[in-house]
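J.: Supplied in structure tokens, the structure appears directly below.
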Amino acid sequence: MPTFYKRKGTSGRGEWTEDGLKNAVRAVEEKKMGVNAAASAFGIPKTTLKRRLKSQNFDKGSMGKSSLLGIENEKKIVGHIKKLQSRGFTPTRDSVRSMAYYLAENLKLKHNFSHEKKQAGYDWLSSFLARNPELSIRQSEGVSLARVKGLNKTVVKEYFELLKNVIESNGLIDKPGNIFNMDETGLQLNNKPGKVVALKGSKNVTSVTSGEKGETISVLACVNGEGTFLPPFCIMKGKNLKQEFCDGLPPGAEVKMSPKSGYVNSEFFFYWLKTHFTTRKPAGKVLLLLDGHTSHTSCIEMLEFADENNILLMSIPPHTSHWLQPLDRAFFKSLKMNFYSACSNFIVNNPSRKITRLQFGTLLSIAWGKSANVDNGVSGFRTCGIIPLEAERIPDYAFLSESTDSKPPEATVDPVDTLEGVAEPGSMDSPAPSNETFEKSKDRPSPEKVTPSKILDKIHPVPSISGLQPLKKRKIQFSSTVLSSPENISALKKKKGEKELELKMKEEKKKVREEKKKEKEVKNKFRKEKKKTQQAMRNVREGENADKQVREKRVRKKKELTSSSESEDFDSDIICDNDDSDWDENQCVWCKEDYNEGKEGEDWIKCVTCSLWSHETCSRFENKCENCGKKESKNNSL
């Protein structure tokens, strides 16, 4: 925090007022009093009055050293902060400190800001906030991009026109008890620590909680324009409902179990509409306002039931519940605050116990009793402009998308002028321009004058969300609708029929794809088996070829030995005697291997001369055994 010097002594320096100075000047100028008499009468120092009369400056101003940026430049920063806030991009403290630094650098002002961090100090920020009391440090609330783009004046105008038409056409004017709002919220079985009183300077301030994260239980709330609340309807995740879960609940409340999740779906909403709402609604037509969640809009049976029981279901525009839904505006925040406060008290009184479903009913009763009162109910409908019907209740600053998209175009700053106007960090004095630079500057048009506002727009420009889109693209409803109207029910039936037809076509296409897939699998299986068989045959053939090569080598060796040792006389005496009783016709005439003992699939040939059998590899001659082939070759050579 900055330190402020306090003058010692009881001197009245600077205690006079600006109004007193103006009155004293008026009295002197009208010659009603002299200077000394006017100074004494209005409490103005004589020298001050004489100096102000001479300079004609009648503003008191501030005493002491002035701010580094000057009053006017600080006002520009204040205006830029307001503009950013109106767009939904309120700057942080560090952003404001950076603005001050770069503004001083661009304007070439002498300052003692940090060149390393490129920011002004915390002392300057504290003094800046003290000099501008219209600014303060606030905790901002996050708003999704979908909500910013969803809430616009066109949508809100159409919503209020439809609401007015529904109220007037169904005779609900001056009947606040027949206009209801329903919504759900989630409560966690855990206490949330808030701000506490602790020792100053403590490094670690803790608060005991029931667990890291508690179970979430959905609570349906409903209220009418008179501030009357219906009993809450709670949904827990699970299958089996124990009676202990209902202990301590507010009168008329009910708990239901959901096997899949603890959130509201079409089934639970239809059950609540039949058992809770219809049995407690007043006679005649009633209007039930709710958000456009699919659990409220997709069940045709539920919409038909509402139409039969004079219940007008009307949805508010999507992503606008934070401004147009009474329960969101005036009830749920109070309910959660009181519920978590009750949880904290339970933990303090029972430090060794954990908050479970068994304590939920009692804790909800405490919070419900404090929050579900007439003031909160009536306030919600009033602030949303429903009762009484006033669209002007939604202020202009709620439409962030309107202020962003309709912002004026940014002032263009000449790049050369910007470079010349920006001072380098740490250097306040720039060298004088040379004659060459001066001559070049004559040829170009004079740039637009750089002002503090333009510098701030360049330092911290106002973001535009007009071109941005949410990450999740969903098919959303673009305006409010009377859900239980016959037209909407007919449209839903038609849409359902088209969807069923589309699903049927998809199923048929899926079956065709599956059949094709099966056929392809069969073909692939056959192809693999065929490929496997071919590979096996190829392996057998390769093995046979290997054996054949071995036998050929062996036969070739035998032939070489035989040809080298035999004589011409021996060759001439070679005969093939078919009548030899010792010869077995199943043997190879050359290698004497028996056919039954040989390799399966091996090729044999029958000699056309002697009609004896031999391996194909044991003969070099076509359709002849080795012996007959040699004899014929010898005879031919003679």
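Positions of Cβ are set from backbone N, Cα and C atoms, glycine also.
In case it's useful when we look at the structure, here is the feature table from TrEMBL:
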type	residues	note
DOMAIN	7-59	domain 'HTH psq-type'
DNA_BIND	35-55	DNA-binding region
DOMAIN	61-138	domain 'HTH CENPB-type'
REGION	420-468	region 'Disordered'
COMPBIAS	437-447	compositional bias 'Basic and acidic residues'
REGION	482-576	region 'Disordered'
COMPBIAS	497-524	compositional bias 'Basic and acidic residues'
COMPBIAS	539-552	compositional bias 'Basic and acidic residues'
COMPBIAS	566-576	compositional bias 'Acidic residues'
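Help me picture these features in the structure, burial and contacts included.
T.: For the domain 'HTH psq-type' (7-59), the model gives a mean pLDDT of 84.
Residues 15-17, 20-21, 23-25, 27-28 of the same chain sit 6 or more residues outside the DNA-binding region (35-55) yet have a Cβ under 8 Å from a Cβ within it.
When the domain 'HTH CENPB-type' (61-138) is classified with DSSP, helix, strand and coil residues number 41 helix, 2 strand, 35 coil.
The list of residues near the compositional bias 'Basic and acidic residues' (497-524) in space but at least 6 beyond its ends in sequence, with Cβ under 8 angstroms from a Cβ of it, is empty.
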